[in-house]
There are 2 protein chains.
Amino acid sequence: MEKNVTALEPSAEAVPGDAVPTDRDPAAKQIPPAAVARMTLYLRALNSLLGEGVERVSSEALAEASGVSSSTLRKDLSYVGSYGTRGVGYEVQYLSRHIAAALGLTHDWKVAIVGAGNLGKALARYGGFESRGFDVVAILDADPMIIGNEVGWLRVSNAANLEVVLKRTGANMVVLALPAAVAQDVCDRVINAGIRSILSFAPVLLQVPPHVNLRKVDMATELQILAYHAQRAQTPGQAV
Amino acid sequence: MEKNVTALEPSAEAVPGDAVPTDRDPAAKQIPPAAVARMTLYLRALNSLLGEGVERVSSEALAEASGVSSSTLRKDLSYVGSYGTRGVGYEVQYLSRHIAAALGLTHDWKVAIVGAGNLGKALARYGGFESRGFDVVAILDADPMIIGNEVGWLRVSNAANLEVVLKRTGANMVVLALPAAVAQDVCDRVINAGIRSILSFAPVLLQVPPHVNLRKVDMATELQILAYHAQRAQTPGQAV
DNA sequence: GGATGTGAAAAGATTCACAGCT
DNA sequence: AGCTGTGAATCTTTTCACATCC
């Protein structure tokens, strides 16, 4: 049972802009951020079970398959509803559908990848996307040597036409796989083009307006966190 | 390893005035996980400032450059020591060094990347590693078509010789850039070879013993979290 | 004056334990 | 009996506010 490092980093901090709300805030049940992050794990585990033909699962078993405690699992599920049967467990497909719905995965999202270097290409070809409701509809780059190349079944578009390509393809999410130096610039353009969901792999802090949702992944950060723990573990019983 | 039972009770008659936090005594107490994650942001911001020739910075400014609140920043820094000057701020280089020391980045870490697909190659060439104390010493793959290829200044080793390569190169961290299907298998071998710090990009739950530190990055997860927020923003107060 | 460092309060997340349903 | 769903307790993280020091 793993319980060591926090798995998912909540990079999205509390949106500070929800003062000035409309006169009626529906106050719909919102799911705590930590729970949202774990929902994706449940979904993955459920789909895996589904593939194995398993029809029912207990909170205990699903928790184990997701790498969380069963009480955390049950609490998380309680945020989206009561989809289990007491004394029995959860129906895999039924639960999977409901979690997917809660996460907004009922329709496909169209993703454009900006940056067709190794990382961009890796992302474009990454099979895990389509199978989980994400459709890579475009990949762009600014390098003339790269524009026009085939990546999977796509052709690299010219990043100069960013706005046009986003519009034509109907992309509603963008992945930034760019060097730090140009990331903010492209990010601004993407936002101006109306995109409000961005996943950035650029190792730099991006400034975005409050209505835009930005998540960040940085490999160097992850390694540094590992280094911290490794260093602690390596100093055993040191004198005081 | 179990969670350090926090024996550092701040209560009781804490002797005020001494305690002498010499810089020789860095990892005495443990830093909260959330703070560790942010330290890497401070480090990045500090190094960026350093590059611009800035010598001093206030908590307010550094917080802004890191994307956190100034009170969070100050609290975080207080976990590693008092390296600022009241009324003045922090000396950029001095603080950067101390944070790096607290994270265990004083010596270089040797990273082996398993999987030389697009992602593995992207990681191997990613310039951000060396500059931040991580040295990619090997890249491996099982595909005969890929073994021997050049990636950056490395040559792809045969994953069949995983243990040998890890030993020869002295790697002490491993990045898994593999398909889900083989990830657990390789992970087990890596652990058996003595590695205790692993960063996995495989979209699957890896089982590891407690003494191993595992961090996970999953792009599909990140997109799903974005989808959740996007969906909420798009449906204001929808009936259930 | 001005900004740090830190107790104390508030908010958020996890775990416990058990009531309630099948 | 067995397992879910959930209030209450515990633990963690963030924010506040101000004493402290340059």
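Any Cβ shown, glycine's included, is placed from N, Cα and C.
TrEMBL annotations: computationally assigned, not manually curated.
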Where TrEMBL places DNA-binding region among the ranges A:41-80, A:81-120 = A:41-80
Using a 10 Å cut-off, grab the number of neighbouring Cβ atoms around the Cβ of A:ASN118 (NAD(+) binding site), all chains included.
-> 20
In the same chain, which residue numbers or ranges, 6 or more beyond the ends of the DNA-binding region (A:41-80), come under 8 angstroms Cβ to Cβ?
-> 1-2, 7, 29, 31-32, 35, 88-93, 95-96, 98-100, 102-103, 105, 132
Binding-site residues, contacting chain B; criterion Cβ under 8 Å; candidates A:GLY115, A:ALA116, A:ASN118 = A:ASN118
A:GLY120 (NAD(+) binding site) has its Cβ surrounded, within 10 angstroms, by a count of other Cβ atoms equal to 25
Looking only at A:GLY115, A:GLY117, the binding-site residues on record, which one has the least crowded Cβ, with the fewest other Cβ atoms within 10 Å?
-> A:GLY117
